[in-house]
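Enquirer: Below you will find the structure I want to go over with you.
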Amino acid sequence: MTAVARVIVDVPSRETDRTFDYLIPDRLSGWVEIGTRVAVPFGGRTLQGIVTGLGADAEVELARMKPLEDVLDAITPLSSELVQLGVWMSKRWLCPLTIALQAMLPAALKGRAEKYVFPAEGAEWSDEETAQSGGLLHALRKGQPLKLSGLLQHYPEHGDLLRRWLLDGRLEERQKVEDRLSVKTVQTVFPSDAETLKRAVAELPARAHKQREVLAYLADQPEPIGVQRLAEAVSTTPSTIRSLAERGWIDIRAVTEDRDPYADRDFPVSLPMQLTPAQAAALLPINDALEQRSNEVFLLHGVTGSGKTEVYLQAIQRCMESGREAIVLVPEIALTPQMVERFKSRFGARVAVLHSRLSQGERYDEWRKIREGRAQVAVGARSAIFAPFSKIGLIVIDEEHETSYKQEESPKYHARDVAVERARLHGAVVVLGSATPSLETYQAAVDGGRPKYIAMPERVADRPLPGVRIVDMREELKLGNRAMFSRELAEALRDRLDRNEQTVLLLNRRGYATFVMCRSCGYTAACPHCEISLTYHRGSHNLRCHYCGYAEAEPKVCPSCESPHIRFFGTGTQKVEEALAEAFPGIRVIRMDVDTTTEKGSHEKWLTQFRERRADVLLGTQMVAKGLDFPYVTLVGVLAADAALRLPDFRASERTFQLLTQVAGRAGRHELPGEVIIQTYDPEHVSIDSVRGHDYKGFVTKELHVRRQLGYPPYGRLIAITLSHESVPMLLSVGEQFAMRIREKAAALGISSDFTEPGRAALEVLGPVSSPIARLKDRYRFQCMVKYRGDVDASFLASQVLQEMGDAVKRGGLQVSVDVDPQMML
DNA sequence: AGCACGCCGACT
DNA sequence: GTCGGCGTGCTC
């Protein structure tokens, strides 16, 4: 009987998406379990892999089996539950298992094989060769194996020499899987007992003053202390301390240290607040489910300012009291210091925070805090759903409708769906919170009873929802107002300036000007690789492609007709800022968009400034719409409310309604009442009109009706298959085949392609059509859309066809990407 | 994915 | 004759 590990190797392709068997050598037995990260020999190289199973026997003959090379972590990074979740994900979103597993590991643990080169036993080189190698041989013969990548960087002209000697066997190569990053260690002094220190003082040479000082300091404060800090404390250098260690009087060891990104911050302690009756009523069924340990899902539909966060906090409290852990997902954009503070204040050091602004190292340390049981609550963006807890009791998804929960790269998972599955595996409770639930979630609650629906229709402390006025910009134009601000908005702004209150302005766009257009001939500048409008960047005076990074200089005349009337179109936050300064001299504006918030900590800096009322207006794109809570904001203005309505995406209406409702919710959250003014060219549109009465139900009812008619989610489901290649005819023919084969398979199963008969299972394949991004990085893109409803396993059909056509696709050099339940149609 | 094995053109 | 081009196939 042999101990065998089944390993998923880190090669993300369809052919290798299965386990490979390896012998577990004696020296590693006891270290290998499900979820262990290992280094394995695979087809002549060394790769990282994850153990997904253990067996007493192999599936292949013994002779073909190789032993595991190494175990990469002392603590297995993935639990068997996470491995199981990965298997589920790979089926659900049709991705290789290794991709799903990789998504669960912090970036620091994405190991790569490094090649090391060293001289073979007894290898000889002539003097001539040594001279020719220009120091390369000398470096190699020092003894330490050297990194191949480093050698090639150092001696780029001697790559062929290296290769020749590797081939003739005088040099050998060895591979090792290395993490991108290790834990941070600090050289730490461990003082000996007082007795020893006293003896040391006696035995030191008379002139060793500094060393005596160090010993005196340690005698006084016998806690372990970092070498660097100790040196500073007695104003000397680390070498003094090291000589003490050499004499054996003290002990210096490397100690791992956490990079706590919030180390220098004090969070005031916050105690649970007195709940309003509505909050208490909402909390009750959640607590019941926690008590019963039943795998329940709730939709907490609470208007903006209704106090959802306090409900989360108290549910988490209850969860932790029962010895279980909690995960809180927040959209990346709303993961503001304000939000973090609320959790840190309530739960202190038991909170781990995971978001993209952390460095790789900081993220890794927060991750380890969870894995090693030092944190019980994880707050973070999408990927925090994989927090390596072992007994989860509660998962909260705040703003569950947010698109950022869907990952747009493989694995194209939706964190909301992962949460529900992970909660099932743990017997945990899920709370989906939102003021504007996604139509999918709402419809499932109303028609299916899961999630269970909980409503909080009022703001706390009887504060009213802000009044909303819609301004028809067409009328403004008729009356001769060509300005960016309607008279109503300008007046309201003036009023706020007079009263020293604050305003949030939302512009539904980014950049100074979105595209360049010639007024004479209609020419627009587009990327030669991607067929995407180029964006004008004011700082660098050039035009850039947001997809591939292509850049060219700002044109002075039209490249097509040579007219000088080429000008910048569209409105960006910079332009609005200028208009504000002109209309309201002396106005203090904070502009927040991708350009002003890329720097680490800048986001926080701006918001603090605004909170301290050092500005009158907070102007920005989507990022000013979410989760912000400022007492003196009494006016919210929306410029170009309908900009996003024109996008070719069936969710455009839903997104617009959600965005407008969210931003409206920033006004009047405290003592002072709020007001919202929305400027639009399409005031009758449901998405805009419904915001006026804060009429979520009115909006969903109408929108759901449309969705049902068209068979779109939540009444049908979609799978987008995108093919890309340099040649259009190739794409068309393979795309056609894809569509045909899926249709044939569905027909063979007796699935109708007729969507008109209500309730009946149906499937149709749309396309292939040129994808909305028709060309990307010199490759054309075509897509097929599988639309289906009812009891149809369309993912399985698609994966079968994908497998059958695998050969044709590979030989043709096509790239295929599958998006199950796509969120973005662009 | 990458590396080895294998079968045809332009060089020492 | 050989070095090396990259097409196909496999990796426990």
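Glycine too: its Cβ is placed from the backbone N, Cα and C atoms.
Annotation source TrEMBL lists Zn(2+) 1 binding site at A:CYS518, A:CYS521, A:CYS558, A:CYS561. Positions annotated as Zn(2+) 2 binding site by TrEMBL: A:CYS527, A:CYS530, A:CYS545, A:CYS548. What TrEMBL lists as domain 'Helicase ATP-binding' is A:289-455. Positions annotated as domain 'Helicase C-terminal' by TrEMBL: A:553-707.
Quick one: where do these features end up spatially?
Expert: In this structure, A:CYS518 (Zn(2+) 1 binding site) is part of a beta strand by DSSP.
The Cβ of A:CYS527 (Zn(2+) 2 binding site) has 23 neighbouring Cβ atoms from other residues within 10 Å, across all protein chains displayed.
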Enquirer: Counting across all protein chains present, how many other Cβ atoms fall within 10 Å of the Cβ of A:CYS558 (Zn(2+) 1 binding site)?
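Expert: For A:CYS558 (Zn(2+) 1 binding site), the 10 Å Cβ neighbour count is 21.
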Enquirer: Report the same-chain neighbours of A:CYS521 (Zn(2+) 1 binding site): residues 6+ apart in sequence with Cβ closer than 8 Å to its Cβ, ordered by sequence.
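Expert: For A:CYS521 (Zn(2+) 1 binding site), the qualifying residues are A:CYS558, A:SER560, A:CYS561, A:SER563.
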Enquirer: When a 10 Å sphere is centred on the Cβ of A:CYS518 (Zn(2+) 1 binding site), how many other Cβ atoms does it contain?
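Expert: Taking every protein chain into account, the count is 21.
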Enquirer: Within 10 angstroms of the C-beta of A:CYS561 (Zn(2+) 1 binding site), what count of other C-beta atoms is obtained when all protein chains are considered?
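Expert: For A:CYS561 (Zn(2+) 1 binding site), the 10 Å Cβ neighbour count is 13.
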Enquirer: Using the alpha carbons only, what distance in Å do you get between A:CYS518 (Zn(2+) 1 binding site) and A:CYS527 (Zn(2+) 2 binding site) once rounded?
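Expert: That separation, Cα to Cα, works out to 16 Å.
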Enquirer: Determine the mean pLDDT over the domain 'Helicase C-terminal' (A:553-707), rounding to the nearest whole number.
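Expert: Mean pLDDT across the domain 'Helicase C-terminal' (A:553-707) comes out at 87.
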